[in-house]
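Peer 1: Dropping the structure in here first, questions after.
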Amino acid sequence: MSIIIMGHGNTSTYPWGPEDICPGGLILPILDERLWPIKVRVVVYLFTLLYFLLGISIVADVFMTAIDKITSHTKKVYLAKELTANGSDVSLRPDQPEVIEVRIWNPTIANLTLMALGTSSPEILLSIIETVGHHFEARKLGPNIIVGSAAFNLLIITSLCTLTLGLNEKRRIHDLKVFLVIGAFSFFAYIWLLLIIEVISPNVIELWEAAATFMLFPILMFFAYATDKNWCGKDTEHNTHQLDLSSFEDQNGTKKQLILKNGKIDKDNLIKFVKNVKQYSGITDADAAKLAATKLINSTHHGAMWYRIGAVRRFTGGKQIEPILEDHLKQVYDVIQKNGEIGYDTLNHMSPTSSHNEETKYAVLEFHAPTIAVKENIGKFPVTIWRHGNLNTKAIVRVDSINGTAKEGEDFVKVKEVVEFKENEEEKEIFIELIDDNKWEPDEEFFLRMSVVHHKDLLVKLGSISIMEVTIIDNDEPGIISFGKRGLLVKESTGFAEVPIVRTHGSDSEVSVKWKTIDESAISGRDYVGGEGEIIFKDKEVAKVLKIEIINDMCPEKDECFEIKLFEATGGAKIGNVNRIAITISSDDDFDSVVDRLMLLTNINIHALELHRQTWAEQIKTAMTVNGGDLNNATTLTYVLHFFSFFWKVIFAFIPPAAVFSGWLRFVTSLTLIGVMATIIGDLATIFGCLIGLDDAVTAITIVALGMSLPDILGACMVTRAETHADEAMIHIAGSIAVKVLMGVGLPWFIAALYHYLNGNLFKVPSTRIGFNVLLYSVMAILAVTVLMVRRNVEFFGKAELGGPKKGRYITVAILISLWVIYLSLTCFQTF
């Protein structure tokens, strides 16, 4: 038996079959595997191919963080101060001009060059390396991957973007001219390929044809830039969040203040935001800083590349780039989003509501009082449960008894009762039964605990008084009402002062007492929300809590105080000796230290969500830890995904950080590794297809194209949900299609045609290999774009390219998927 290592162009004799059934690639195989069983080789090559597709997604993520660093470069622009109303120059300060920073890269050019190259680099490099590595001859895999990927992006990803939106939610392309220009170029590029393969010089690509194909790319950039700048036609409003001079004035010419100035958080605007957020109960400084960082990140425009990076990290268990808020912070943030303006200056114009508004969608249930006292011989007595918040829904709650010094079965009958509120019902009563044992014993107590009966259709939560203390006493007097203490010290940031009011020496019948606040050094409306009111004690209730809202003005000041007075008790009750209480408001900390701490916390939250790390140590640590070190928000699935991608993440963590040479070293290094990975993937796909009897074209448009497009799928769906228009998703899809064909086919064909021209040969490209595929894709592209334009202009589809009414979107998805199935079926049929 002869053993010959497989390589390009050789033949091998196999003991079990015909000669040379699977010729080697550029790198693979590295072992003599001819004696392995075919099934074992198929499994090994399949899983290795999938694993390398995962790896190339991760290194492409690294590559795109370098692109983000490069395209985020800014330059300083100096603006003179405005003149005063009378035209004098008193307000001009040339020694201290206003400085702003604007991006150097035009967003359209950035999308078509570096950003499109970032998402398409594996396919482009695979096509180039495959052509050059096989003696400058045309190959099937690279070009067919590009055509198959284009069909998948246009038909399948567009369908998924439509389905990912909520019911009746829709996204419409805003800059239609840019989309049409890029779409027309991508379509013309495929028609041009068909012409040079089948018509102009059949089966031969001449040098001028290849050069013209490659030159279409800079021409595309020129026309896209001209369209973006509105050099032709009526000037239209751009859907761009790019930081430029027009961002600083609104339509009325009023200057806006930005949260981020010169790349740093503006202290004054942060203070305004924190003051508004602090009006929601239970918000700490750390919570406020996290909300500020979340608002800043979500209010900043992100392109398709940013979401693609997030998608890759999501399915590899890596560091997330989107903020993750706890449930109680999500509720506050939703209110902020609903009531605040959207934009860079959102935090400056917040109009927060009281904390009560957080609960408008929930039915909030609680006991009417935290403590009641009853006589042992009372038998049965009622306990009131009241509901506030959302009254337009049903609510179910369970009440259970808990032993204290009083024991169930000896002193009271066990309580285990489910209480159901119907719509608009505010109060319910349950009856508790005591057991009179005719023996003297000291006062005893037990507890009633309330818990929510969860139901997927009911939004119910517990209020602050979800546990009630029941004291069993022998007393039949209405009681004496007074404050629980003479003084109370609260912090300015506490939100509310909870003032205890107690009823002693009796608890029979319903009584009430009035209260009012009295200003001292603290002034109502400035330091606290004062006024007057009435506290009602129902029969057997012995304790109440009066809440007074404290205003945190975030200004340095001395401790201040005010008083609350009780008067006019009713129902036979009396006012006790402690009928006044002094509330002292204490300043939390030095003002500057508080603000500095808030800015530090906000910066820490923002830094944790940056796309790239600053040092090798940070990169390696982030790569080796689950969810980038954020273990609190890691799930079981996150751990599993991290396990499978651990090897690639650690290997690629040694790529130079983006901070080195402004991202260019990271760009070059990761691009080189993508080339190596793409070469291995090409070899794996070719040998795997050979082992299972698939043509390279079929392997290219199925396994490889789908594997390389997975990050694009997730990224496109994320950007569709997050953005208000369809531009980022649709223009990026059209742009990547154009870049793939012009760079992924035009560049390697130009290199090959030039090589053959210099050697006096012809660069031959058999039309049967790619011509039919290109023709079929062109037909499908025409039909798909026609469907999108019909959607844009027909009310049945919502007059939008993505989303829309239920029936309209399902019909669209059915059409696009049918086109994909037809394309795939005909391509596979043509190869057999």
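In case you wondered, yes, glycine gets a Cβ from its N, Cα and C as well.
According to TrEMBL, the feature domain 'Calx-beta' maps to 353-451, 468-567. The feature transmembrane segment is assigned by TrEMBL to 42-67, 145-166, 178-200, 207-226, 639-661, 673-694, 700-719, 731-758, 770-790, 810-826.
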Peer 1: Would you call the transmembrane segment (42-67) and the transmembrane segment (178-200) in contact, using three or more Cβ pairs under 8 Å, pairs 6 or more apart in sequence?
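Peer 2: Since fewer than 3 Cβ pairs under 8 Å link them, the transmembrane segment (42-67) and the transmembrane segment (178-200) do not come into contact.
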Peer 1: Which stretch, 178-200, 207-226, 673-694, tops the Cβ pairs under 8 Å count with the transmembrane segment (770-790)?
Peer 2: 178-200
Peer 1: Given the cut-off of 8 Å on Cβ pairs that are 6 or more apart in sequence, determine whether the transmembrane segment (731-758) and the transmembrane segment (673-694) share at least 3 such pairs.
Peer 2: no
Peer 1: Are the transmembrane segment (207-226) and the transmembrane segment (673-694) close enough to be called in contact, which here means at least 3 C-beta pairs under 8 A that are separated by 6 or more residues?
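Peer 2: The answer is no, given that the two segments have fewer than 3 Cβ pairs within the 8 Å cut-off.
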Peer 1: Report, as numbers and ranges, every residue of the chain located at least six residues beyond the transmembrane segment (178-200) whose Cβ falls under 8 Å of a Cβ in that stretch; write 'none' if there are none.
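Peer 2: Those are 108, 112, 147, 150, 206, 209, 212-213, 216, 219-220, 223-224, 227-228, 727, 730-731, 734-735, 737-738, 741-742, 745, 765, 767, 770-771, 774-775, 777-778, 781-782, 785, in sequence order.
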Peer 1: So what's the mean pLDDT when you look at the domain 'Calx-beta' (353-451)?
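Peer 2: Residues in the domain 'Calx-beta' (353-451) carry a mean pLDDT of 81 in this prediction.
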Peer 1: When the domain 'Calx-beta' (353-451) is classified with DSSP, how many of its residues are helical, how many are strand and how many are coil?
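Peer 2: Helix/strand/coil tally for the domain 'Calx-beta' (353-451): 8 helix, 52 strand, 39 coil.
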Peer 1: Within the domain 'Calx-beta' (468-567), how many residues are helix, strand or coil going by DSSP?
Peer 2: 3 helix, 63 strand, 34 coil
